[in-house]
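To start, the structure itself, in structure tokens.
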Amino acid sequence: MEASGKLICRQRQVLFSFLLLGLSLAGAAEPRSYSVVEETEGSSFVTNLAKDLGLEQREFSRRGVRVVSRGNKLHLQLNQETADLLLNEKLDREDLCGHTEPCVLRFQVLLESPFEFFQAELQVIDINDHSPVFLDKQMLVKVSESSPPGTAFPLKNAEDLDIGQNNIENYIISPNSYFRVLTRKRSDGRKYPELVLDKALDREEEAELRLTLTALDGGSPPRSGTAQVYIEVVDVNDNAPEFEQPFYRVQISEDSPISFLVVKVSATDVDTGVNGEISYSLFQASDEISKTFKVDFLTGEIRLKKQLDFEKFQSYEVNIEARDAGGFSGKCTVLIQVIDVNDHAPEVTMSAFTSPIPENAPETVVALFSVSDLDSGENGKISCSIQEDLPFLLKSSVGNFYTLLTETPLDRESRAEYNVTITVTDLGTPRLTTHLNMTVLVSDVNDNAPAFTQTSYTLFVRENNSPALHIGSVSATDRDSGTNAQVTYSLLPPQDPHLPLASLVSINTDNGHLFALRSLDYEALQAFEFRVGASDRGSPALSSEALVRVLVLDANDNSPFVLYPLQNGSAPCTELVPRAAEPGYLVTKVVAVDGDSGQNAWLSYQLLKATEPGLFGVWAHNGEVRTARLLSERDAAKQRLVVLVKDNGEPPCSATATLHVLLVDGFSQPYLPLPEAAPAQGQADSLTVYLVVALASVSSLFLFSVLLFVAVLLCRRSRAASVGRCSVPEGPFPGHLVDVRGTGSLSQNYQYEVCLAGGSGTNEFQLLKPVLPNIQGHSFGPEMEQNSNFRNGFGFSLQLK
């Protein structure tokens, strides 16, 4: 399932998309060029493909842009979120291209929906990261004393892995009176030093010279390498060795074995004796030539030292030096051309592959791939084919790209999968063949919902956890295949609207891993539960859910807190103990609490310090401080005790409480030191008096205003009472009003009009309405509304209206 998930790109691509692909490929003949300096760190920015392709970010993500290149080595990576093309690793131009210039890495940019691709190339720019190196740190040059000024002596060159300006620029030699050095350039562009005699030598005056040869490259700053040149002045040897021909051209097959004889060169010297003895050697050979060829110093035979590879080097230019015993030498050049053989099988690079494909989608693009062969000529020409009994069609695209399409609609009920073999054959002799097998699956409809392995999950998390902690996982499986079986997980809205689920946990949508987003506190939240949903990616999508319970485990993260005696830094509280107290007398009790639970909240007490050790004791489980023995006159009157309160957690947390005990002979006039905070209390009492006076003044003004308003309202009522139908009874009532004093939670006095209905024959008062309007914020209450008829103390029935 994971393998198919990596290969899934798109499920549908119609023939119209393929036609668009062909058109776009035909118009992309000119590759897009980018450049990067070698040794640039991996993940460095190269370009933004969305801008280069003229795509918006949303369209760029939708079209599934990818970068591919020949072979398995991919030097670039594409950030799908930002469309940035980044280096996949640090590039070394010398490892990638050697002395080839420019160093170009070719790749392709593929787009889908519709299919498009663009050729592109990345040029790796050389930096001066290599110094010139002489393969021979010491050179011996024998110069005849008869050599005239101006005679030149070629020296062995230095090697520099850099190219262009960073390669060797010139040579210099240490100051001397006889020689100078010139920088010469060979046909292949390499530079070598040539020692030129400026002044005739005299062996009798100076038999040898020691000079330092320095090679400088053209970098900034330049790098250099040195070698020692030993010049031996010899007697006259007037003939140098001469080769039979100055230039040799040979051809050799790339599959020639090691020690194979490439060619034999020959030189002669007309001198006699030691001056006529000739030895052969490679001259100014590069590191690659020295590793590939060797020359017999006596016979001049050039043989192979390692296997040739036409794909790396098509030819070699080898310089051979013949030197006699007198120090004179002759040179010749051997051009060795490598003949290609069919030693590389074709390679297939898969760029896009879609499986499974829906059974009801004809002419769907199944795969896009490219073929290549490292050989040349007929050995590099390729043919591509598939089996004939399959409902697929293989079409050639631009360059060496091929597209595999469904030729007819597929029927899953008749066949659920197809094994397709792509056969790639070159035209060499003998022919080499490569096979690529693919399994194309036909997808089914989505008819199975994901099923959790459990209907409910219980997870345990210890409080004070680190954020993003993995607390557990849920898992669901789907019996479908392909995308219909790909399950994504999500958190469903909690049933408790007050539960901040989004800030408590998160879920990995791909694997169902649950993470705590923040540190949990057992004292604030002991447990919570939520539902998790699992949905497949079918169309339409099917889903299921499971219940997850999270139980927070308590940790010992709260130290005991002493409630009594107070330890807030104020004046200490002094406990009085009579000197006549018996052993076991209860002095006081240390009261402490712990915010944790369980054994983390089990508190124990012990006496940590005391003015008189052994005089007092503390009960370990309840914190009671009692006398341990009889008090004596020698015991100090003031005692200071420090009690340690410790919980039972691991590791335990603790707090201390300080007690002040005063031993007195009696309680009639105990000596109590005045608190140090007494002056501050006096200031607080003075402030309280001012506040009370101000509040009383404001209340008096408000009450006076209310009474004035009531008086005006009563005057208006007295005029209107003369035309009413109610008679005014005689009695202790002031005027025609009755004061009904509230006895409940209301503190105001309410006045009602009391009317006795004439001729009714009943002793009923009707309280029509209150004279004063309702004061906002008070109500008469539902009790009075439900029972409006009641009896008063005078035997009348009162009726509220």
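Every residue, even glycine, has its Cβ placed from backbone N, Cα and C.
As recorded in Swiss-Prot:
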- 36-134: domain 'Cadherin 1' (DOMAIN)
- 139-243: domain 'Cadherin 2' (DOMAIN)
- 248-348: domain 'Cadherin 3' (DOMAIN)
- 353-452: domain 'Cadherin 4' (DOMAIN)
- 457-562: domain 'Cadherin 5' (DOMAIN)
- Asn419: N-linked glycosylation site (CARBOHYD)
- Asn437: N-linked glycosylation site (CARBOHYD)
- Asn568: N-linked glycosylation site (CARBOHYD)
- 1-29: signal peptide (SIGNAL)
- 30-691: topological domain 'Extracellular' (TOPO_DOM)
- 711-801: topological domain 'Cytoplasmic' (TOPO_DOM)
- 692-710: transmembrane segment (TRANSMEM)
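Note: the domain 'Cadherin 1' (36-134) comprises 16 helix, 37 strand, 46 coil (DSSP; helix = H, G, I, strand = E, B).
DSSP assigns Asn568 (N-linked glycosylation site) to coil in the three-state reduction, outside any helix or strand. On a Cα basis, Asn568 (N-linked glycosylation site) lies 83 Å away from Asn419 (N-linked glycosylation site). Spacing of Asn437 (N-linked glycosylation site) relative to Asn568 (N-linked glycosylation site) is 81 Å (Cα to Cα, whole number). Classification of Asn437 (N-linked glycosylation site) by DSSP places it within a strand. For the domain 'Cadherin 5' (457-562), the DSSP counts in helix, strand and coil order read 8 helix, 48 strand, 50 coil.
Mean pLDDT of the predicted structure over the domain 'Cadherin 4' (353-452): 84. Broken down by DSSP into helix, strand and coil, the domain 'Cadherin 4' (353-452) contains 4 helix, 49 strand, 47 coil. Listed in sequence order, the same-chain residues six or more apart from Asn568 (N-linked glycosylation site) with CB atoms under 8 A from its CB number zero; the list is none.
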